[in-house]
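Chemist: Right, I'll just put the structure down here and ask away after.
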Amino acid sequence: MNILAPVRRDRVLAELPQCLRKEAALHVRKDFHPRVTCACQEHRTGTVGFKISKVIVVGDLSVGKTCLINRFCKDTFDKNYKATIGVDFEMERFEVLGVPFSLQLWDTAGQERFKCIASTYYRGAQAIIIVFNLNDVASLEHTKQWLADALKENDPSSVLLFLVGSKKDLSTPAQYVLMEKDALKVAHEMKAEYWAVSSLTGENVREFFFRVAALTFEANVLAELEKSGSRRIGDVVRLNSDDSNLYLTASKKKPACCP
């Protein structure tokens with residue numbers, strides 16, 4: 001029985017969404033990894049379509065984490081929002097290259113007194129979104145500690161990182177240029193992809209979350225292919241012979257499009 005909501009028409013991805021700035025991107029390919037495209041075409045994505053991928057959103061109080069999520073999930077902006085207590089989450093369903101894919105977006109509290117509660121929900125994240133206010137230099141500096149706290153509960157080598165500057169609508173062009181320079185430096189140090197958004201106007205919000213969904217999906221499919229490949233390599237059949245014991249690795253012939 002399928003208990004997940006159907007995929008909305010505006011959540012269908014047939015192409016790889018592009019990064020905002022090539023100077024700070026997880027990768028700059030124009031298309032999905034060839035192995036991912038091939039696996040989707042041949043329906044070899046394993047359990048990816050049944051999994052729910054966890055994405056946590058962290059950052060200082062009032063940087064706009066909740067507004068960012070609400071703008072994408074509900075297409076709303078509430079100027080009189082209340083600070084998140086502990087954690088909250090939204091579920092978003094996508095279809096990527098014909099495969100269903102779900103993201104669970106965890107909105108965590110930025111207040112110090114709720115930090116210990118929120119941190120218990122960090123574990124198992126496949127992507128971490130660190131949000132700062134483009135008009136507040138201190139909030140950018142604090143992103144380093146937020147990331148460090150989140151990585152205590154996750155494997156740094158297997159999680160995707162995104163550094164997101166919010167409230168772009170409040171920055172003058174000159175102010176933004178200066179802040180972006182610092183933000184790109186921080187993103188490079190973190191090995192994170194940089195984005196700048198406005199939850200008020202909606203600028204870059206949709207594009208950003210589509211990028212998160214696409215890259216998380218891509219990572220999931222590649223991991224699934226790696227696991228299935230390991231299982232085939234490990235499937236060893238022992239053959240008895242008069243002269244010696246021979247070992248033959250039983251493996252299926254790979255499709256021509258997948259190296």
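Glycine is treated like the rest: Cβ placed from N, Cα and C.
Residues or ranges marked as GTP binding site in Swiss-Prot: Ser62, Val63, Gly64, Lys65, Thr66, Asp78, Tyr81, Thr84, Gly110, Lys167, Asp169, Ser198. The S-geranylgeranyl cysteine annotation in Swiss-Prot covers Cys257, Cys258. According to Swiss-Prot, the feature N-acetylmethionine maps to Met1. Positions annotated as phosphoserine by Swiss-Prot, on the basis of similarity to another entry: Ser241, Ser244. Annotated motif 'Switch 1' per Swiss-Prot: 71-89, in sequence order, evidence recorded as similarity to another entry.
Each of the listed features needs to be described in terms of its position in the shown structure.
Modeler: The Cβ of Ser62 (GTP binding site) has 17 neighbouring Cβ atoms from other residues within 10 Å, across all protein chains displayed.
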Chemist: Tell me which residues of the chain lie with their Cβ under 8 angstroms from that of Gly64 (GTP binding site), as long as they are six or more apart in sequence?
Modeler: Val131, Asn133, Ser166, Lys167, Ser199
